[in-house]
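TrEMBL has this to say about the protein:
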{"type": "TRANSMEM", "residues": "14-34", "note": "transmembrane segment"}
{"type": "TRANSMEM", "residues": "46-65", "note": "transmembrane segment"}
{"type": "TRANSMEM", "residues": "104-126", "note": "transmembrane segment"}
{"type": "TRANSMEM", "residues": "175-196", "note": "transmembrane segment"}
{"type": "TRANSMEM", "residues": "297-320", "note": "transmembrane segment"}
{"type": "DOMAIN", "residues": "405-486", "note": "domain 'Cyclic nucleotide-binding'"}
Amino acid sequence: MNPHTKAIRQWNKFFVIACLVAIFLDPLFFFVLYAEQDNKCLRIKWYLTFIMVFFRTITDFIHFLNMLLQFRLAYVAPESRVVGAGEIVDQPKRIALNYLHGKFLVDLFIVLPLPQIIIFVVLPQYIQSSGANDAKNLLRMAVLFQYIPRLYRFLPLLAGQSPYGFVFESAWTNFIINLLTFMLAGHIVGSCWYLFGLQRVNQCLRNACHASEIPHDLCMRFIDCGFGRIFTSEPAWDNWKNNGRANACFDEDGFSYGIYTKAVKLTTADTVTSYVYSLFWGFQQISTLAGNQVPSYFVWEVLFTMAIIGLGLLLFALLIGNMQNFLQSLGRRRFEMLLRRRDVERWMSYRHLPEELRRQVRQAERYNWSATRGVNEEMLLENLPEDLQRDIRRHLFKFVKKVRIFALLEDPVLDAICEKLKQKTYIKGSKIFYPGGLVEKMVFIVRGRVESIGEDGIVVSLCEGDVCGEELLTWCLEHPSVNNVRIPGRKLLSNRMVRCLSNVEAFSLRAADLEEVTSRFARFLRNARVQGAIRYESPYWRGLAAKRIQVAWRYRKKRLSRASIPCSSRLHDQSLDETHRFSCKTF
């Protein structure tokens with residue numbers, strides 16, 4: 001199976017969520033043990049135990065299915081990663097051997113149902129005399145022994161990475177995973193704190209047992225009532241229930257509890273209260289690096305406090321740092337915009353620009369930012385494959401086919417044009433072309449309203465799908481460059497005013513890029529049908545044709561009127577006829 005298929009990617013995401021549930025689940029086994037203050041003993045919450053075992057079995061089964069998948073999941077040969085992404089090995093035998101020589105034993109140990117075996121097999125048959133205490137010890141060993149390999153296998157997945165790439169590609173998803181990992185750390189610390197606090201209560205009861213006059217073996221049986229046994233038939237039972245030192249074990253100052261002082265009352269509370277307060281305690285200690293805790297002289301308590309401090313530092317260095325980077329990235333574009341505005345303000349102040357120009361610059365900056373969001377599309381596209389770039393440009397520049405001038409152009413010509421288009425924004429009142437100025441670009445209007453005013457004062461409205469500067473295309477065809485070198489002085493001048501009536505989003509095609517396109521597709525662009533379409537749809541050519549028709553019509557009217565006047569008057573008007581002769585030849 002190819003690891004890059006959609007089904008495998010979906011399974012990896014599901015498996016990561018299952019792993020997160022699994023490593024959240026194991027510390028909850030510590031809460032199945034609690035202390036009973038009235039009877040001065042430790043018991044097991046069997047209803048909670050059955051629930052935990054049920055969910056643990058489900059997560060183990062999911063992990064077992066993932067193990068089976070690894071025997072058929074292709075992998076990238078390490079020796080082939082010298083060049084490129086590496087070679088995928090898809091031979092079943094090599095895949096199985098690679099997994100068996102790799103992390104198979106670790107996964108097998110993780111999936112072993114040790115808690116289930118201890119609870120349902122070992123406890124009922126072999127340790128009925130001291131159920132709670134032995135259950136606590138065996139569960140603690142089983143959970144801890146399996147939990148460390150689980151973290152070793154699951155934490156890289158929770159970080160969003162797998163041998164085949166990123167599991168979660170969304171930034172928000174990775175942020176949530178980091179947040180849940182921080183909650184996991186608080187969950188583990190709080191659960192261990194509850195268990196160790198229960199252990200200290202157990203130690204206090206044992207000390208009270210040793211100091212009492214009750215026989216030692218019988219007293220130990222009184223402490224461990226894990227299966228709900230109440231020793232009412234024993235004469236010493238009432239003495240144990242009323243033992244002063246045993247009663248003091250459930251007071252915060254009745255024993256040297258150290259950092260477990262607040263856990264004493266939780267050992268007798270209900271499950272929800274015990275867990276929620278333990279979770280809060282874990283968050284608090286990780287966030288403060290256990291700065292408000294003073295441990296007792298008990299060695300394991302001191303080591304546990306040191307572990308909390310080290311874990312807190314590690315989380316701040318890794319998880320909190322990643323979350324901070326993500327939160328900063330949300331406002332990074334806005335921060336870049338503020339920096340650019342500050343630089344523009346400094347530049348305008350340094351150059352002493354008048355207030356009207358400053359207002360226009362600010363308006364142009366705001367509109368340009370709202371249109372692009374500070375993203376450079378050219379940089380995003382340049383690293384993609386060429387065919388993918390072409391498909392993206394076809395999608396982005398669908399408006400090109402809406403432009404009537406290019407309705408007859410073939411896809412290769414349109415692709416060549418789209419490769420050269422550059423995004424431009426104009427604010428209200430901007431002049432794209434003005435009379436006497438150079439026509440150095442064609443502008444395709446994507447959004448907004450534009451007006452084109454000719455030499456004769458005729459106003460033509462332009463909107464989405466229209467183009468201005470289209471005369472540059474015909475000019476490039478009629479004045480080709482020689483060996484990519486254009487003769488100096490041959491420039492196209494504009495004879496009209498093109499002004500924006502609103503904020504305009506457009507794409508421009510520079511004259512140099514248009515020359516390249518016309519040189520590559522000159523034969524197609526010189527087609528009479530294409531030239532006719534260009535001249536018919538172009539406001540420039542339509543205005544020019546109307547002007548020449550008017551000149552020809554006035555010349556004809558002059559000739560007709562000249563036939564009805566004397567010969568002397570004809571000689572007087574002969575000089576005027578010569579001025580119009582050149583225009584009439586065209587028609």
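Using N, Cα and C of the backbone, Cβ positions are placed for all residues, glycine too.
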Review point. Between 0 and 100, where does the mean pLDDT of the domain 'Cyclic nucleotide-binding' (405-486) sit?
Key: 78
Review point. Is the transmembrane segment (46-65) packed against any residues at least 6 beyond its ends, judged by a Cβ distance under 8 Å, and which are they?
Key: 15, 18-19, 21-22, 25-26, 28-29, 31-32, 107, 110-111, 113, 115-116, 119-120, 271
Point to revise | Contacting positions for the transmembrane segment (175-196) when only residues 6+ beyond its ends and CB under 8 Å are counted | key: 16, 20, 23-24, 27-28, 30-31, 33, 136, 140, 155, 158-160, 168, 259-260, 263, 266-267, 274-275, 278-283, 285-286, 300-301, 304, 308, 311, 315, 319-320, 322-323, 326-327
